[in-house]
Amino acid sequence: MPKVAVIMGSKNDWEYMREAVEILKQFGIDYEARVVSAHRTPEFMMQYAKEAEKRGIEVIIAGAGGAAHLPGMVASLTSLPVIGVPIPSKNLNGLDSLLSIVQMPYGVPVATVAIGGAKNAALLAIRILGIKYKELADKIKKFSEDMRNDVLSTRLEA
């Protein structure tokens, strides 16, 4: 049963959102990935968000570009944690998406990562799951330690 839902506003967003899926796979986390458009399939989006918890989903990663309403709309329909990933856009390089996702009204929180930051969205989802699942907490700690050790062992030659 998937623990993480990776959703996006269009299939074009998959270019960025697949990076979240790769991280989830690396950590052995069951997930589902699909297009859920806030504008083209609003009824489906509402049903999807409302039923996610019943289906065993524990964290939702939602990527969207442009107006980027998907993360906020999903967050308004569920009590699950929602992580928004602003997708780079043609006109404003994703700044429009970032501002849309990060400026949520009181009571509808969306954790927001950097523009195109699907990898960090997955890592944040793993940290959230690590509160409940000790094995994931241990894996994310090891991941962070390995990154730290890689940096500390780096030697530069002139």
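A Cβ is built for glycine as well, from the same backbone N, Cα and C atoms used for every other residue.
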* S10, D13 bind substrate according to Swiss-Prot; which of R40, R55 goes with them? -> R40
* Cβ neighbour count (within 10 Å, all chains shown) around D13 (substrate binding site) -> 23
* To do: For S10 (substrate binding site), write down the residues of its own chain that are at least 6 apart in sequence and whose Cβ falls under 8 Å from its Cβ; none is a fine answer.
  => V35, S37, G65
* DSSP three-state assignment (helix, strand or coil) for D13 (substrate binding site) -> helix
* What is the biggest Cα to Cα gap, in Å, among S10, D13, R40, the residues listed as binding substrate? -> 15
